[in-house]
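Copied from TrEMBL, the annotated features are:
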REGION    1-59  region 'Disordered'
COMPBIAS  31-59  compositional bias 'Basic and acidic residues'
REGION    195-242  region 'Disordered'
COMPBIAS  199-241  compositional bias 'Polar residues'
BINDING   342, 343, 344, 345, 346, 347, 348, 441, 442, 443, 444  GTP binding site
BINDING   348  Mg(2+) binding site
Ligand SMILES: Nc1nc2c(ncn2[C@@H]2O[C@H](COP(=O)(O)OP(=O)(O)OP(=O)(O)O)[C@@H](O)[C@H]2O)c(=O)[nH]1
Ligand SMILES: [Mg+2]
């Protein structure tokens, strides 16, 4: 309908509208009555306009709050990025966390079996650490490097008289390790392209991540998790045993694959044919259950403990440590607890994107996109494409790692690597307006390490003769990382927000995450001491 006609029609409608008719001024209105009416009308209009303005402002505020928040988790491998993501999940999509809990059983089993194999390798009469070209990540994580960068040879150490018996009895676990790796690595025949192996660096030590491993891929973020990039299958040494850390998908595919049971045709707990996985004779729990007494005996054997000490292997500080809980983990009806899931170690390859919708508090309705990246050196070129779209970065630096080396380059101290990475992030001009939150992580491990007598000044000369306790050491790192930001940031107004964290600790991390969330939303970083 043409506009003139439309106006006319609406006028006609309003004239015949009984309400409009009632509001029309009386025909015999005096000039005083008219002035009073007009004043009252003007006031009513003012009130109405201010209500309209309030509604408009609220709408803008709501829109602002609804805007997506993009957070990138950065830091070296094993710094705790994926664990931080799990904490976000636990807080903001507990139903999804709950649904995936059972699938983490496979990872916990694999972590446990690998710890056992690590012990067997370390206490073997044939082991000479100096001959080992490669030590896997978790081994490297638990080694204190001697002054020449190598642990002392194990050849002259304590003999483990029961070694052969342990080996024979635990042989089924070696097979199980292969089965579990396979289950986790090839969950789906239609799976995406594989990345080059972590163990195949290019000549400059940085192997390329293929296209799938870089940003943006072909966004299939249905549900909440979306993976850009894939995993590599662990290497196999000449001995036929894996020495590398298992790298598997962090996508929902492997989770489904494990949760749904094994090969086709096998009766599945989830199809209702049997009551639970423990009734399935092919389930890994049976091998673990049968080997549990020997695993316990091995771990508690004083000769084994002595040998591990001589080799300076502290498994209790390594990723995915479950050796103190063998009976619980190997029980037939074992279901991982929240803490078990948080401790489970699965290396990330590529980029995992997770979406949360905050359903309570002041940030209600805000969509959060959190990107969890692989931190190993050959994964880092996948980070940059995300720099232009993030509002905030949570950078994790594990400060307990001052005496450890990178698994991908054993010449590089982990803390030095963290400091260099941090410097690169804070000085990056593309990130000048991105909010920065720094988690000085693994404070629990730092504390136990310092209490065990490991001295920071033996690895960091600049620490001098300051006290070797948790407070002094963490303060020193806080200042060191803070000073780098102050010196190199291209944005002098940017405030840095530093936390001392142990992201496996759910209660404390929940408090920190709530604060970080509010601060990121406000875009207003403040330096606070929360722990
Ligand atoms: N004790 C302790 N363990 C931690 C802490 N943070 C992480 N971990 C453990 O360290 C291991 C490595 O953590 P991840 O979150 O997988 O590390 P990441 O940064 O994602 O590593 P990549 O995926 O290789 O880049 C896991 O087994 C975690 O449970 C911490 O603060 N304290
Ligand atoms: Mg990870």
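Even glycines carry a Cβ here, placed using N, Cα and C.
Automatic, uncurated: that is what TrEMBL annotation is.
Structural mapping of features recorded in TrEMBL.
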residue: 342; record: GTP binding site; contacts (Cβ under 8 Å, 6+ apart): 83, 86, 87, 90, 503, 504, 506
residue: 344; record: GTP binding site; contacts (Cβ under 8 Å, 6+ apart): 104, 107, 108, 111, 320, 336
residue: 442; record: GTP binding site; contacts (Cβ under 8 Å, 6+ apart): 80, 398, 399, 400, 401, 502
residue: 444; record: GTP binding site; contacts (Cβ under 8 Å, 6+ apart): 400, 502, 504, 505
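Residues 25 of the same chain sit 6 or more residues outside the compositional bias 'Basic and acidic residues' (31-59) yet have a Cβ under 8 Å from a Cβ within it. Residue counts of the compositional bias 'Basic and acidic residues' (31-59) by helix, strand and coil are 29 helix, 0 strand, 0 coil (DSSP-based). Within the set of binding-site residues 346, 442, 444, no residue has a CB atom less than 6 Å from any atom of ligand 2. Residues 342, 343, 344, 345, 346, 347, 348, 441, 442, 443, 444 are listed as the GTP binders, and the farthest two of them sit 23 Å apart at their Cα atoms. All protein chains considered, the CB of residue 348 (GTP binding site) has 24 other CB atoms within 10 Å. For the recorded site, residue 348 (GTP binding site), the DSSP three-state label reads coil. Residue 444 (GTP binding site) carries a helical DSSP state (H, G or I).
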